[in-house]
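Each remark here refers to the structure printed beneath this line.
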Amino acid sequence: MSQNKLKTLIEELKKRKVFNNITSEEKVDLITLDHGIYVGFDPTAISLHLGNYIQMVNLKRFQNVGFKTIAILGGATSMIGDPSFKDSERKLLSNETILENKKHIRKQLENFGFKVIDNLDFYKDMNILDYLRSVGKFFNVSTMMSRDSVANRIQSGLSFTEFSYQTLQAYDFKVLCEKENVMMQLGGSDQWGNLVSGLDFINKTLSKNLPTIGITMNLLVDSNGNKIGKSTGGASLWIDKTLTSPYVLYQYLLNTNDDDAYNLLLQLTFLQLSEIERIKNEHLKNPKLRLMQSRLSFEVVKDIHGKEEAQRALHISTSLFKEKNSWFNLSLEDLIQLKGSVDFVPFKDDLFLTLVDSKIISSKREFNEFVRDKSLKINGQDVTGLDYDLPWENYDNKYLILKKGKKQYWVIYK
């Protein structure tokens with residue numbers, strides 16, 4: 001029964017366009033629900049981002065069918081840096097930075113329901129001689145150099161520190177295999193070489209007869225093959241809502257094209273495949289309604305931040321772009337979420353100076369034209385002239401919402 005569950009899940013992952021490769025189809029039949037699966041997350045930043053999130057979703061799918069799931073927090077491996085398909089060596093992080101990053105990322109992983117283990121615990125009592133004898137002895141340098149993940153870096157320069165990364169990832173797999181009965185490692189398509197190294201290490205040090213397998217998943221990319229996870233301004237889309245507000249994430253997904261929206265519904269949501277096809281068919285009847293994008297945005301924000309934040313993001317979006325004169329429905333908390341999505345500009349001595357200084361308008365003539373055409377609004381009300389009485393009281397005497405034309409927005413603050 002459990003074998004069928006794994007096979008069925010792999011077939012679903014293929015239909016969801018996330019499955020990339022597996023090291024052994026035959027061993028799938030040997031895996032049971034008593035076996036665990038893990039994914040590693042190196043705390044190289046203060047938060048995980050949307051590109052990491054797809055691996056969290058993939059791991060959650062295994063958990064949902066009954067497998068034990070573990071997220072490895074790379075307290076040790078983040079001190080080195082994975083060279084896989086990187087153009088240059090990462091700058092080494094300080095211990096203080098790694099500790100701070102670990103604290104935040106652990107909470108994100110635990111909130112998603114995973115057991116979190118810090119791999120620093122595997123190495124903190126191991127000295128260099130222990131490592132060379134119990135780990136290094138089992139790795140062939142020529143084989144390590146032939147891995148695609150590092151081969152491209154050999155000519156441009158690869159430090160021994162980075163070169164040894166795959167040995168630590170392999171040792172992680174062995175420890176989890178022994179102590180947690182983990183037989184499966186999940187990783188992005190760029191992790192194939194590291195996964196194979198782990199399997200080879202287990203074969204040499206434990207047994208060749210264990211049902212250990214590595215499964216790689218496609219990276220999060222758009223229909224043009226570009227990595228997804230950056231906002232239009234180039235900043236990462238973080239899982240931490242203090243770095244990327246739920247509304248900004250919502251808007252990013254809402255603005256995807258139809259092909260990307262469909263693929264992301266498959267890859268990032270837990271909706272049934274039949275439901276996704278139903279949404280797609282409804283969408284195609286009237287693409288201007290952007291039903292796929294709307295459902296995608298809501299589902300992802302809900303799964304990351306909770307239903308309340310998803311409803312808030314929907315409310316803000318509806319107030320800004322759909323419902324006429326609904327600015328007054330936005331709360332102060334809603335307004336703060338707009339940071340990162342619309343420009344916040346400082347208030348000068350008066351409204352006209354503020355607009356000129358922020359390059360929103362260029363002259364009094366242009367200002368008067370917008371006023372005449374009723375194309376300048378503050379908090380949903382028409383600006384009537386240079387002496388317009390600004391309604392600061394609407395937002396705690398701190399913010400004004402400016403709209404120019406049909407779709408240009410700013411928040412003025414003081």
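For all residues, glycine too, the Cβ spot is worked out from N, Cα and C.
Annotation source Swiss-Prot lists L-tyrosine binding site at Tyr38, Tyr165, Gln169, citing sequence analysis. A helical conformation is recorded for Gln169 (L-tyrosine binding site) in the three-state DSSP classification.
The motif ''HIGH' region' annotation in Swiss-Prot covers 43-52. Each residue in the motif ''HIGH' region' (43-52) has a pLDDT score, and their mean in this model is 94.
Look at Swiss-Prot and you will find 227-231 tagged as motif ''KMSKS' region'.
According to Swiss-Prot, the ATP binding site annotation covers Lys230, on the basis of sequence analysis.
Residue counts for the domain 'S4 RNA-binding' (349-413) under DSSP (helix as H, G, I; strand as E, B; rest coil) come to 20 helix, 17 strand, 28 coil. As annotated by Swiss-Prot, domain 'S4 RNA-binding' applies to 349-413.
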List of residues, in chain order, with Cβ under 8 A from that of Tyr38 (L-tyrosine binding site) and at least 6 apart: Leu59, Thr69, Ile70, Ala71, Ile72, Phe173, Leu176, Glu180, Val182, Met184, Gln185, Leu186
C-beta crowding around Tyr165 (L-tyrosine binding site), within 10 angstroms: 21
Spatial neighbours of Gln169 (L-tyrosine binding site) that are distant in sequence (at least 6 apart) but have CB under 8 A: Gly40, Thr77, Asp82, Asn194, Ser197, Gly198
Maximal Cα-Cα distance (Å) across residues annotated as binding L-tyrosine, namely Tyr38, Tyr165, Gln169: 17
